[in-house]
Every structure is written in structure tokens, then in C-alpha cells.
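What Swiss-Prot records for this protein:
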type: TRANSIT; residues: 1-53; note: transit peptide
type: DOMAIN; residues: 61-288; note: domain 'ATP-grasp'
type: MOD_RES; residues: 78; note: N6-acetyllysine
type: MOD_RES; residues: 84; note: phosphotyrosine
type: MOD_RES; residues: 88; note: N6-acetyllysine
type: MOD_RES; residues: 88; note: N6-succinyllysine
type: SITE; residues: 94; note: site 'Important for substrate specificity'
type: BINDING; residues: 98, 105, 106, 107; note: ATP binding site
type: MOD_RES; residues: 129; note: N6-acetyllysine
type: MOD_RES; residues: 139; note: N6-acetyllysine
type: MOD_RES; residues: 143; note: N6-acetyllysine
type: SITE; residues: 162; note: site 'Important for substrate specificity'
type: MOD_RES; residues: 216; note: N6-acetyllysine
type: BINDING; residues: 258, 272; note: Mg(2+) binding site
type: MOD_RES; residues: 279; note: phosphoserine
type: BINDING; residues: 323, 380, 381, 382; note: substrate binding site
type: MOD_RES; residues: 341; note: phosphothreonine
type: MOD_RES; residues: 368; note: N6-acetyllysine
type: MOD_RES; residues: 438; note: N6-acetyllysine
């Protein structure tokens, strides 16, 4: 399924904002691919379309503990009083308070309370209480969240460790390797994108045979390449093997440890964990998927998931409803080609029902930036008349007052056109995709200009 270069990048950025599968690791993979490092070894980086679940750090750390992976001692607090009690219980001179928000860049973020930084070192239970009170119940604004920010409902209170060295370690599924791959670097605790861009040779990898599984010598080899001292190579390898087993057990698409460290006592610890899970495994990973925190998601993401619709919000003014991810991105590109900006990626899939089409329109029109809508359907498995029924129902029920341009081709297209024509609604039909894109761009510009001038524009255009 081909993905356009332009909107591959746009969707990656949007996925980061909505905490979908595009992570720092995938961004690094893209940079690595561009660097020529993979080509040098006869490998290719391929982006894979997946819907994934991300969990809070404290939940990921609990999974690591259950798997026998070495992690710092810590507990989650949902109030400042709980943070005080945990800090006292840990009995350490200093502890770390980490805001539990599903967004990268926490350390450089700012809370609506005015507190700067979502990761703080404190030196007493009293200070733990004071700092956590400025985090819990407040929104953390980072580069990834945008101005809206994300609510912080709890904090992780954990013991502070003093690392001698920091490393980066991750496991991901990569099609070009035909299975999982371990990725490591001696440069941990920093943005892996920067490492990949500035020093790609610092990143090492070890493909794993999905049938044979991970071998200890593979983990040992990677640990050595990452620069672990000889006296703790075996310990690092053991943690990598346990992480790989966790990766398989829970149908993860990515496990990222940044940093994995050698602490002042010479022990290997995983200081931070990000785990993404394949949403296709929800039926057999109920324990994991019941942990999803919907307060961290855009309300439209939740509605889309409930309706089984692939949706990602963008920043444009033209709503898109398409069947098939490849056609959806091609549609977005042709809108951009003619000077428009898509407001979303929306794929209703090959077997959409009338209800799903209606739900798709609800998602699109809930975005107040949308000034016009383009429906582009190529009916193979998907019947055009079903789409048409959904369009007519949605336009009526939602009282849509912005232009709707429809381009239908394929199965039962004549029945679909008849349904639209007989509806009496001002839905604009167009057989040619290029013409449909030009039309929706012009109409969105007219609506935008009219709203800016406080003019009420009514579209009385023939079908």
C-alpha cells in the first residue's frame, strides 16, 4: 500500500501529537534510512501502517518489573498527599517526580500552573508534595501536545539513581528485517533522532529470527557493540532478552528504553520505558487494553476507535472521507497540489456501514476548522450506494451547511448517484478526482473568506 512522501511526514507528525505509533524510534528509523546506513548493509526502512496503544510510563515499568527487568523502585501517586507518603516510604535523600502524560518532551514542558518541567528532582517528602501539587490536575504543554496540552492525573515517584553511563535500547518490528530488530546506542538519555542525524554510526542493530527467537549470543554481541563494560555485558544481555520476551508476550510493536544505564553500583537498570501495543491484538490482550487512558486522547480519537474508523486530525480546512489508506493519502496530496490543506486523514475501510459513514461525518464536522468536505470512494468491496446512503443521512441529520463534494467510482456507482440526486440535498457530484479536488479547494476558500467577512454564504449549486 503506497504512502505519499509528503503526507507520510505529515501523518508522522500528527501521530506524535495524538500518541499513535509514530515514535522517536520511527523518526530515527526515517533519518537512518535517509542517511544511507541501512543501504550500506543491504537493508531498507519501511513505514508500516498500524494503530497502536501507548501506556503511561508507570504502567510500562510495572510490566518490566513483572518480566524480571531491573528498574528503579517507584510508585504512582494520584494526589500530592500520596506523593508525600511515597517519598517518605522510599526513604531516599532525593527522589524523582515524573509527570504521567502521554507526550514526549516532558522535561522541557510547562504546566498550566506555571511549573516548568515534567520531571523534577526533589530532596524531601515536603518538596515532593509541593511539586506534585503543581503537576496533578494541571495540563502539561510540550512541543508534541501543542497549545492544548495534556492533563496530568498522576505522577511517578521513584528513587533517584546516579548513572555512570547511559545507553539507548529498543525493539521494534521492521518489515525489511522480516521480523523484530534490536536497536542500541552508546548515546542514551538524549533524542535518538539527533543521534541518528548527526552520528548514524553510533546506532547498532541486531535482527532477530522470529521463528528461532533471540539467542543469548545476539544479546551479548549487541551489548558489546553498545559499549557496556565487560563485567556487566551479561547483565545487560539478560535484560535485553527479558525485554524481548515481554515484546512478544504482549504483542508489542515497540519497546523503547531511554536510558538503559549502568548505575553507580555497577548494576544495569532501565530508567524509562515506552511500550506500544498492536491494536489488532486487543482481543487477546484485554488486560493491557483495559489500561488505556482516554483522558490523554483527543475525544475524536476515542469516537473513531469506537466506530472502527482510522482517523488522524490535521491542521487544514478540507475534511476528507476516503476508503483505503493509500487512496486517502493520494487524495490529501491532490488537495495540497491544488492549494488546499487537508483537515484530517480518514479511512472508513473496505466494509463500511451506513452508520460508520455517518459517524465519519460527525468526526469531520466536529472540527470547526473544516470549511468543505471531499468524499472520494473507489468501490470494490465497498459499495458506492452504501456510502451514498451514509452521506445523505449525515447531511440531513447533522444539518451540514458547508460544501460537500463527492467523487464516487466502482460498485453500484449509478445507484449511488441516483440516491444523491433524489435526496434534493446540495451535494456536489464529480466523476474526476482532479476536478473534485479543484472544486473543494475553491469552495473552502470561498467559505473561509465569507466567514472572515462575516458574510453568510448559502450554496445553491446544481448537482
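The backbone N, Cα and C atoms fix where each Cβ goes, glycine too.
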Densest Cβ neighbourhood among 258, 279 (recorded positions), 10 Å radius: 258
Separation of alpha carbons, residue 143 (N6-acetyllysine) and residue 105 (ATP binding site) (Å): 7
Least Cβ-crowded entry, counting other Cβ within 10 Å, from the binding-site residues listed as 381, 382: 381
Cα distance (Å, whole number) from residue 258 (Mg(2+) binding site) to residue 84 (phosphotyrosine): 27
Candidates 84, 162: member of the recorded positions with the richest Cβ shell (10 Å): 84
Least buried by Cβ count (within 10 Å) of the recorded positions 78, 106, 129, 368: 368
Neighbourhood of residue 216 (N6-acetyllysine) by C-beta distance under 8 A, where only residues 6 or more apart in the same chain count: 237, 241
Protein Cβ atoms within 10 Å of residue 380 (substrate binding site), excluding its own: 12
Fewest Cβ neighbours within 10 Å, where candidates are the recorded positions 88, 98, 139, 143, 438: 143
Proximal residue to residue 129 (N6-acetyllysine) among recorded positions 98, 341, 381 (C-alpha distance): 98
Max CA-CA distance, Å, over listed substrate-binding residues 323, 380, 381, 382: 10
Other residues, Cβ within 8 Å of 323, 380, 381, 382 Cβ centroid (substrate site): 324, 349, 350, 351, 377, 378, 379, 383, 410, 411
Among 323, 341, the most crowded of the recorded positions [Cβ within 10 Å]: 323
Spatial separation of residue 106 (ATP binding site) from residue 368 (N6-acetyllysine) - C-alpha basis, Å: 29
